[in-house]
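Report on one structure; see the data block that follows.
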Amino acid sequence: MAATCSLLASFLLCFALLSAVSFAADPFVSYDFRVSYLTASPLGVPQQVIAVNGQFPGPLLNATTNYNVVVNVFNHLDEPLLLTWPGIQMRRNSWQDGVLGTNCPIPPRWNFTYQFQVKDQIGSFFYSPSLNFQRASGGFGPIVINNRDIIPIPFPQPDGELIFIIGDWYTQDHKALRRALDSGKELGMPDGVLINGKGPYKYNSSVPDGIDYLTFHVEPGKTYRIRVHNVGISTSLNFRIQNHSLLLVETEGHYTSQANFTDFDVHVGQSYSFLVTMDQDATSDYYIVASARFVNETVWQRVTGVAILHYSNSKGPVSGPLPVPKTDVSSPWSAMSQPKTIRQNTSASGARPNPQGSFHYGQINITNTYILRSLPPTIINGALRATLNGISFVNPSTPVRLADRNKVKGAYKLDFPDRPFNRPLRLDRSMINATYKGFIQVVFQNNDTKIQSFHVDGYSFFVVGMDFGIWSEDKKGSYNNWDAISRSTIEVYPGGWTAVLISLDNVGVWNIRVENLDRWYLGEETYMRITNPEEDGKTEMDPPDNVLYCGALKNLQKEQHHSAATSILNGHLKLMLLMVLLASVFRFC
């Protein structure tokens, strides 16, 4: 009996220790996100916004390199919901990406738990809804991934941090805006710009009385890290703080060569970090401004967000006109001067100890080139649609990898053209069949009339070139093959192109889309399907235990009667029960 007990106890102890090691390898952070409607008046007009945990914008998701993140999302809306995490690479785990090509929507009154690791990442990002134009009503919030203690940041530790979530805003909610697009109308000029969910300070008589604005309190002489995210619908915004320099240090997970700017253009879907030193006198407060860019700024004057920077020893309120952007965009060529100065800090360590410049991307042979051309929206099959390479994407009813795993035929096509052709525009479920371990060049050619931001899920890419005109092979001679910035969202100017290089080392299905919400809603997107023909469980995770089913697989979905548990949380519970059982065995023996 004693020998049996000893053997059983030894087995259970070994199993428990192995389980503990597997769970303790990297820490966990857990969040509950309750997504619901909230009545607010950010521009003085009562309207329905989308809040997370009663907050608009939503709460900060704060993690550190390699942490496991668990986000339990409760959908209290009256329509399906998905949250996506632009820039978070979801290594081997496109099941958590939160777009229709990878996930079934969370039905109303249901919840779903996202579970992912921020593997080898640092930096500034945000989360937002990906369905039904919901981002136009909110549901967004910031993400910060901190360096591990053993990896130094390439600048002195700031005295504090400030987060700015900026974006254009309409006083109509997302459903009304969606109906306008569905009826074939363009949205027109926004009603304003919000800074952290608040309207503009009354800097002149054009701003209505009674609008709630933000004041940021700072200490003189201190240096703050300023994280700026443009979560808006379609408007590029110029960000500036009156009389203060912006020292650019990071964008979307990579440290930049440090450069000072008086003002900075932040395009839709982009995130940046700056260091700002409070080195001005305190005779008065200072304006913080986010204003529409690359438009007729006189006509678009109302599309301006204004907050206040308040020194603790300030002697009075700010007054007078707003500071104007000093960065010249009067000609197309000058408009590109700022983004071309954004380069990688090749000597800094990012998420790993090795310098960011140790990956010599400029010496790798390109295996495939994809030229993705956008056009102005047009009518296809009686509806207003937007296209890439003449195809307006229609999301499959069954997510791609679920269809693959369950042998669903005809869910999508792998025939997306690698360049634009002179063919009739069409609706289709056409996707890129990309090669695992390939090294591809993607050229975004913007033949639309507006500046656009393009994003690739699951990856960062090297921004090697941009120019006006039509891209051709000889343009590669002008590429930056040494210190191009690596990021996940890049602007493309109307009548111009931007070229990026991507190393395809992340198996899964990954969305390529325009971040301008109106164009995205109208179909300007596609997906890359990347599979490993020698898959052995090491390059792609299995579907999570709580996967949702829809489309051709909807009969597999069970009714949800309680909180959707995650495998991690279940694992912790099982480990706890195992330890209790082990204690009982020792006591019995």
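All residue numbers here begin at 1 and follow the chain in the order shown.
Every residue gets a Cβ built from N, Cα and C, even glycine.
Annotation source Swiss-Prot lists signal peptide at 1-24, citing sequence analysis. According to Swiss-Prot, the feature N-linked glycosylation site maps to Asn62, Asn111, Asn204, Asn243, Asn260, Asn296, Asn345, Asn365, Asn433, Asn447, an assignment based on sequence analysis. The annotation region 'Disordered' is assigned in Swiss-Prot to 322-356. According to Swiss-Prot, the compositional bias 'Polar residues' annotation covers 328-349. Annotated Cu cation binding site per Swiss-Prot: His455, in sequence order, evidence recorded as similarity to another entry.
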Candidate recorded positions Asn111, Asn243, Asn345, Asn433, His455, pick with smallest Cα gap to Asn204 (N-linked glycosylation site): Asn243
Between His455 (Cu cation binding site) and Asn447 (N-linked glycosylation site), the C-alpha gap once rounded to whole angstrom: 17
Integer Cα-Cα distance in angstrom, Asn345 (N-linked glycosylation site) to Asn433 (N-linked glycosylation site): 33
Proximal but sequence-remote residues of the same chain as Asn243 (N-linked glycosylation site) (Cβ under 8 Å, at least 6 apart): Gln280, Tyr286, Pro323
Distance, Asn296 (N-linked glycosylation site) to Asn260 (N-linked glycosylation site) (CA atoms, angstrom): 26
Among Asn204, Asn260, Asn296, Asn365, Asn433, the one of these glycosylation sites whose Cβ has the fewest neighbouring Cβ atoms within 10 Å: Asn365
Asn62 (N-linked glycosylation site) and Asn111 (N-linked glycosylation site), Cα-Cα, nearest whole angstrom: 21
Among Asn62, Asn111, Asn447, the most crowded of the glycosylation sites [Cβ within 10 Å]: Asn111
Neighbour count (Cβ, 10 Å) for Asn345 (N-linked glycosylation site): 21
Candidates Asn62, Asn365, Asn433, Asn447 (glycosylation sites) - the one closest to Asn296 (N-linked glycosylation site) by CA: Asn447
